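Per Swiss-Prot, the features are as follows:
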BINDING   368-375, 414-418, 468-471  GTP binding site
COMPBIAS  80-226  compositional bias 'Low complexity'
COMPBIAS  239-256  compositional bias 'Basic residues'
DOMAIN    359-528  domain 'tr-type G'
REGION    49-271  region 'Disordered'
REGION    368-375  region 'G1'
REGION    393-397  region 'G2'
REGION    414-417  region 'G3'
REGION    468-471  region 'G4'
């Protein structure tokens with residue numbers, strides 16, 4: 001027999017493959033899935049242990065008994081039908097066309113019943129099919145070739161044949177054995193099948209006799225009685241049933257539609273009215289409908305009944321809204337409008353909030369003169385090398401850092417010490433808690449030291465003096481203390497209240513003592529903040545990054561800032577996209593006293609601006625846009641308009657020469673410092689006109705603006721893009737790049753001085769006395785004389801002096817010695833000269849020669 005797969009054996013046994021696999025594995029066979037193969041012995045062993053499950057069906061004997069009863073009932077009907085057929089054959093006028101339309105249906109039903117039985121029933125099914133074929137042949141013999149048996153149900157016959165073909169090999173064996181039955185048995189089976197078919201036909205379709213006229217097989221007239229209904233010819237009852245079903249379904253559908261249409265519309269449940277209508281003047285019907293939970297049409301109708309005709313978009317005044325609220329029977333309360341553009345009010349409210357206060361880190365600003373060691377001090381505290389990256393060792397912007405000491409955090413702000421950065425130092429003093437004043441022990445008190453003291457006193461901030469560079473040979477800390485007493489900073493050792501710490505930032509000496517003093521001072525101040533409210537603070541610095549866009553260094557003074565917060569910074573707004581701490585790491589939130597760098601603003605804010613976090617993005621956007629409009633209006637107001645009052649001043653300014661300048665810098669603070677310093681340059685007759693300032697690299701737009709306005713571009717810590725550089729070379733635009741601010745200031749000052757009209761000073765070079773005159777026709781009067789003093793030059797100016805009075809001032813037309821033209825004649829030599837356009841020369845006139853020399857601008 002060979003090997004057999006699991007799914008084949010499962011099909012023969014009529015059991016699921018999973019069940020067969022489980023039983024095979026229990027018997028120890030190596031079976032994995034339904035495609036595994038079994039030997040003959042294994043298959044027989046598995047068949048012996050498998051319980052065959054049959055589908056639910058009625059037992060075969062019941063089917064057989066019903067078929068037998070059907071045969072007994074239809075014997076009489078079959079005999080009558082055969083007699084009728086014989087009468088039609090004798091007359092020859094009609095051709096009897098007996099169609100057993102439902103024969104195959106009966107066979108298919110028998111076949112279906114037999115399929116559910118075991119081997120014996122399958123044999124009967126096959127015998128029944130053969131007997132049906134035999135009945136067709138017998139019927140053909142009885143009709144004598146005149147009657148034609150047509151099978152109208154070929155499809156059913158095909159299905160029954162297909163079912164018979166799909167039997168298993170056992171069925172084929174049984175049917176083969178049944179083919180050896182004798183003819184008598186076949187004829188009996190044929191009769192049974194025929195009667196059964198007739199019975200089924202009569203039972204399903206009834207006795208339906210119909211006459212049909214048409215052409216017969218040989219062209220004659222054909223009258224046939226159709227007993228029983230087939231698929232095509234006896235289907236009147238079937239059509240009637242089908243029509244009835246269609247009518248019923250159509251009626252049911254129409255009835256359902258009527259029921260749906262007849263349903264009453266659902267009653268809309270209105271939300272209850274609010275107890276108080278909180279409104280703002282200028283609301284329309286749509287806005288009021290949302291507040292009152294009513295449709296705008298209802299609001300408009302009510303107002304119309306009250307004598308007010310409006311549409312849903314028309315703004316309503318205060319009286320109309322209050323009348324509407326009274327008609328609804330509720331109170332009306334006008335909402336107080338908060339000016340979202342007033343950031344100072346929001347900032348003060350957030351700062352003055354005393355709920356949920358918690359200790360915060362102190363903010364310390366380091367101030368002092370240039371090169372007194374401020375950045376070096378922070379360098380030692382942070383263990384980094386910031387100074388090496390600064391241009392010329394000068395801090396150009398505020399640096400914000402955090403240092404941990406004894407488990408506590410201190411925030412340091414490093415401010416520039418150069419004179420140009422006054423505004424940046426003032427900002428640092430305003431946002432700080434403690435000021436550390438760094439004074440070099442060898443230099444003592446310098447101008448920016450005094451300025452830092454004044455800033456700290458104006459901000460009412462305590463000062464800790466750090467006397468630096470005590471390691472230098474010429475250091476004199478006591479002299480520094482004596483100098484500072486003149487400005488009210490008296491050391492504690494001398495009976496004052498100012499803390500002095502002598503340090504060496506270069507070698508890290510006494511730095512721990514300085515940090516201890518800072519923490520002690522912060523404990524005295526009792527610094528607290530509310531971390532649970534919206535964040536508020538100040539802008540330390542702002543810049544435009546090519547990859548990040550607008551960036552701003554902020555100091556959070558109140559609340560906690562999170563990534564994604566809607567924020568208004570000065571005249572700009574945005575949503576916090578990223579936050580970076582002083583170590584360059586991204587963070588998700590920032591608590592009070594934390595310096596951070598954020599991105600996500602729509603523009604670059606100004607250094608020193610305040611920022612406030614809003615509850616929603618829409619309010620933040622509205623506030624930012626309104627503040628930007630207000631700033632633009634203020635800028636336009638500052639544009640000077642010529643009136644009769646300022647006409648003379650405008651005329652005087654028109655006489656002044658201007659140096660047009662475009663300033664581009666890396667950060668906003670540097671832009672402010674450079675612009676302020678250039679405006680302070682005092683050169684008589686020339687002034688600086690700054691036409692544009694911005695942060696970021698020098699681009700093509702800057703070059704185009706400079707070319708149109710004939711301006712100079714000053715780049716501070718920035719460089720032009722390659723496209724801008726090429727365009728500047730083409731358009732002959734002057735771009736000056738600097739890294740140290742006072743170099744830029746000196747260069748602009750020199751350019752301004754060079755624009756002045758040159759100043760000339762008269763210098764007398766010599767004198768000559770006229771002793772003889774010669775009048776020559778067509779030439780004029782020639783004077784001959786002697787050089788009595790200095791040198792007479794050919795290109796010098798001359799004056800004719802007679803009796804101490806200047807008679808004429810002009811130029812020499814010619815200068816000769818004897819007959820030769822010469823360039824100059826020195827003292828003690830004779831000369832001959834002719835004055836241009838002047839012939840009234842007389843003896844004893846004095847000719848004074850002079851030149852105009854340019855005086856350099858001081």
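Here the Cβ of each residue, glycine as well, is placed from N, Cα and C on the backbone.
What you are looking at is a predicted structure, and each value in this text was computed from that prediction instead of being measured.
When the binding-site residues 368, 371 are scored by other C-beta atoms within 10 Å, 368 scores highest. By neighbour count, meaning other C-beta atoms within 10 Å, the densest spot among the binding-site residues 374, 470 is 374. Beyond the ends of the region 'G4' (468-471), by six or more residues, the same chain brings 372-373, 377, 438-442, 477, 502-507, 509 to within a C-beta distance below 8 angstroms of the stretch. Look at residue 470 (GTP binding site): DSSP puts it in coil. Note on the domain 'tr-type G' (359-528): its mean pLDDT in the predicted model is 79.
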